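Novice: Quick paste of what TrEMBL says about this protein:
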type: ACT_SITE; residues: Glu278; note: active site, nucleophile
type: DOMAIN; residues: 42-344; note: domain 'GH10'
type: DOMAIN; residues: 370-470; note: domain 'CBM2'
type: TRANSMEM; residues: 21-42; note: transmembrane segment
Amino acid sequence: MDKVLARGSGSAVARSRPRTAVLSMLAGVAMVATTVAVATGASAGTTLGASAAEKGRYFGTAVAANKLSDATYVGILNREFNMVTPENEMKWDATEPSQGQFNYANADRIVSHAQANGMRVRGHALAWHSQQPGWAQNLSGTALRQAMVNHITQVATHYKGKIYAWDVVNEAFADSGGGRRDSNLQRTGNDWIEVAFRTARAADPAAKLCYNDYNTDNWTWEKTQAVYNMVKDFKARGVPIDCVGLQSHFNSGSPYPGNYRTTLQNFAALGVDVQITELDIEGSGTTQATTYGNVVKDCLAVSRCTGITVWGIRDTDSWRASGTPLLFDGNGNKKPAYTAVLDTLNAGGTTPPPTTPTSTPPTSNPPTTPPPSGNGCTASFTTNQWQGGFVTTVRVTAGAAPLNGWAVALTLPAGASLVNTWNAQPSGTSGGLTFRNVAYNGQVGAGGSTEFGFQGVGTAPSGTPTCTAG
Ligand code: 9MR
């Protein structure tokens with residue numbers, strides 16, 4: 001069983017709490033409160049999506065394709081939300097049930113529904129240890145690495161231009177100890193996460209690329225620190241990452257932490273967007289409503305917290321239905337939690353820029369290459385080779401003078417050819433190649449460096465590449 005499910009079993013109290021008439025009564029009160037809030041705020045939105053949009057954000061939900069024929073469900077979906085995440089339909093087992101044979105039918109239904117109703121889509125999830133098809137579970141080493149790269153390339157290409165943000169890698173860190181989670185993907189090599197991100201960038205350059213995980217809400221937890229260090233390292237080395245998703249499944253075993261805003265701020269200060277991707281809060285009534293309000297307040301306080309997605313519409317749609325963790329009851333009525341979210345969205349006026357970290361961030365020094373003493377530049381590369389393919393990362397380092405443009409020459413061995421390149425423009429696809437800077441990375445300060453990379457089939461280049469300034 002997935003570890004999140006184990007954690008998610010929550011407290012017996014939360015699970016046995018009855019959804020009684022009290023809740024319906026509170027829902028009634030909630031609707032009155034909503035009406036009052038709307039009447040007093042001229043520009044206040046009357047739905048979650050509209051109110052979030054007024055604050056420059058989105059409000060989304062997980063959607064299950066098989067519920068798109070449920071009129072109550074679709075009515076709430078279309079009225080309230082402007083972002084959707086397919087709950088299971090874009091996962092590896094759903095999209096590539098047999099190796100090399102792709103099935104997009106259910107995911108396409110959700111994407112079409114979203115597009116027809118003016119909603120955007122968060123893609124979930126390209127590479128994950130869980131919900132792999134049987135054939136992938138049985139692979140290892142280079143065969144699995146290649147299968148992952150192909151899967152990401154195929155799925156991200158199929159949805160190219162239709163996805164606001166992809167959860168490229170999901171839940172790759174261990175719950176404790178500050179390290180990676182053991183998995184077949186992890187055993188292909190520690191660089192599997194960055195290879196996944198580079199592959200996704202090459203396939204759909206316009207989509208934001210996110211790392212998504214749970215139990216990364218409390219700033220002091222080892223797992224939060226471990227993900228923070230990875231994102232910091234990726235930013236330092238030019239690995240393409242645009243956002244961090246905090247799933248935020250809250251219950252008594254994994255409660256909303258008082259330092260949640262600090263966590264959001266500290267991730268944002270690394271230069272990535274932060275998104276709350278799978279929010280649900282077990283409980284009921286005022287207690288649950290207050291926590292929902294606090295989460296929304298925290299997101300509004302961090303300008304790079306760009307949106308919130310709840311993990312389902314009605315309590316009965318939830319993967320944790322007995323914990324009644326969502327904004328609508330089983331009949332589709334608004335709960336007090338709904339009103340708290342809407343009122344907080346409407347009240348939240350400020351979106352200050354991200355602040356500097358409020359607690360000392362952990363340090364992780366980016367790899368450094370001593371600058372050469374002369375003018376010009378040098379280049380060096382590292383390669384991840386698997387059977388039949390490779391990813392090479394090239395570091396360009398300026399000499400004693402700043403660079404205003406650079407070119408790196410290297411030769412691909414016979415039979416090898418380029419598949420994707422990021423952060424550089426290649427002169428061709430095989431043999432002797434020159435990679436030139438692109439618009440945003442030609443200027444490198446004296447002694448500074450920048451990185452580009454490429455993915456290819458066949459054998460990776462070896463030797464020392466030649467770097468020329470200008
Ligand atoms: O909500 C999803 C549920 O229907 C599936 O059975 C489950 C299987 O792993 O995945 C649930 O969604 C998970 C999400 O994809 C990743 N984060 C944890 C979510 C809850 O388990």
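Glycine is treated like the rest: Cβ placed from N, Cα and C.
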Novice: Give, as a single whole number between 0 and 100, the mean pLDDT over the domain 'GH10' (42-344).
Specialist: 97
Novice: What is the number of other Cβ atoms found within 10 Å of the Cβ of Glu278 (active site, nucleophile)?
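Specialist: Cβ-Cβ neighbours of Glu278 (active site, nucleophile) within 10 Å number 23.
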Novice: Pull the DSSP breakdown for the domain 'CBM2' (370-470) and write it out as helix, strand, coil residue counts.
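Specialist: Here the numbers are 0 helix, 56 strand, 45 coil.
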